[in-house]
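Novice: According to Swiss-Prot, the protein has these features:
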BINDING   133-188  ATP binding site
BINDING   Asp256, Glu269  Mg(2+) 1 binding site
BINDING   Glu269, Asn271  Mg(2+) 2 binding site
DOMAIN    105-302  domain 'ATP-grasp'
Amino acid sequence: MGKWTGKKVAVLYGGRSSEREVSLRTGAACADALRARGHDVTLVDVDAELPARLRELRVDVAFVALHGRWGEDGCVQGLLECMGIPYTGSGVTASAMGMDKTVSKAIFKALGLDVIEYRAFPPARAAEIDLRDLPFGVPCVVKPAGEGSSVGVQIVKDAARLADACREAARYKGDVVVERYVKGTEVNVAVLEGKALGAIEIAPANEFYDYAAKYTAGTTRYYYPARIPEAHASRVMAAAEAAHRGLGCSGVTRVDFIVAPDGTPFILEVNTLPGMTATSLVPKIAAGLGLAFPELCERILDGAALKA
């Protein structure tokens, strides 16, 4: 029996971010899983009426299944703190830092983790960015600092495409981040309650693990455990735990890496509300350990608390 059995659980999903469709799938899957464990669950699509809706439902605890802005960035977490409703996942500060790639990269460097060389530019400068601003040149990776699910991310191989890619990234929230391109093995680590569960390797059909590759079944191959030497796997899982701890995260996170051929685990980001759909990586890793999806969701729910 879970900690919140018999209590009113609201699964918060949807919202207004560019990742709304993914959140709808995550929320529906988690709600079904929690119901299978005997919980009283109501799905709540997040909009401006959220405070009134939570009061009307007399919610005891919130399972946060949002992705992107206004959900993964500390906004909803702050509201829940003010309303005194315990919730899953990380608190306000950890969520905000994890969502902003410029801020999180600075923290990772301070923690002594391996960070790919990068430059960050305000959106107003996007149209002016050229190779003179980049000591590492091309190829490079351009991404918006405040989006997830690879939204707005492009690999630039031709200097003539750099300005267009930067302008595209500037359409989204936050700085424009340009990283040196590092060829290696893409590895994601699931961390639950501060402990790394395992590392999964991502092998997309195309060069880049983009939005379509993440959420379209059959477009990507996954290998669990990751096909990297044991020593490299140990390094990447230790780095994931350090990043989770360093940002002050709670509950479950997914930490993304590029592992270079020499074993250097270059950290890309910490996802404080990772996807929980049929194609998502945290459930795949948990399943590899024998932890079924309903039990995983209940473990996450059991960790719900006020963090402020």
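Cβ atoms here come from the backbone N, Cα and C positions, even for glycine.
Provide an account of the burial state, proximal residues and distances for the features listed.
Specialist: Around the Cβ of Glu147 (ATP binding site), 24 further Cβ atoms fall within 10 Å across all displayed protein chains.
Summarising the environment of Glu269 (Mg(2+) 1 binding site), the number of other Cβ atoms within 10 Å of its Cβ, over all protein chains shown, is 20. DSSP gives Glu269 (Mg(2+) 1 binding site) a strand state.
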Novice: Taking the Cβ of Val182 (ATP binding site) as the centre, count every other Cβ atom within 10 Å, in any protein chain shown.
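Specialist: Within a 10 Å radius of the Cβ of Val182 (ATP binding site) lie 18 other Cβ atoms.
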Novice: Since the record lists Gln154, Asn271 as binding-site residues, which of them has the fewest other Cβ atoms within 10 Å of its Cβ?
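Specialist: Each of the binding-site residues Gln154, Asn271 was scored; lowest Cβ tally within 10 Å is Gln154.
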Novice: Determine, from DSSP, whether Arg161 (ATP binding site) sits in helix, strand or coil.
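Specialist: For Arg161 (ATP binding site) - judged by DSSP and reduced to three states - the answer is helix.
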Novice: Can you tell me how many other Cβ atoms are located within 10 Å of the Cβ belonging to Asp175 (ATP binding site)?
Specialist: 22
Novice: Near Asp256 (Mg(2+) 1 binding site), which binding-site residues out of Asp133, Cys140, Arg161, Asn271 have their CA within 10 Å?
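Specialist: Near Asp256 (Mg(2+) 1 binding site), where near means Cα within 10 Å, the binding-site residues are Asn271.
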Novice: Identify, among the binding-site residues Asp133, Glu168, Asp256, the residue whose Cβ has the fewest other Cβ atoms within 10 Å in this structure.
Specialist: Asp133
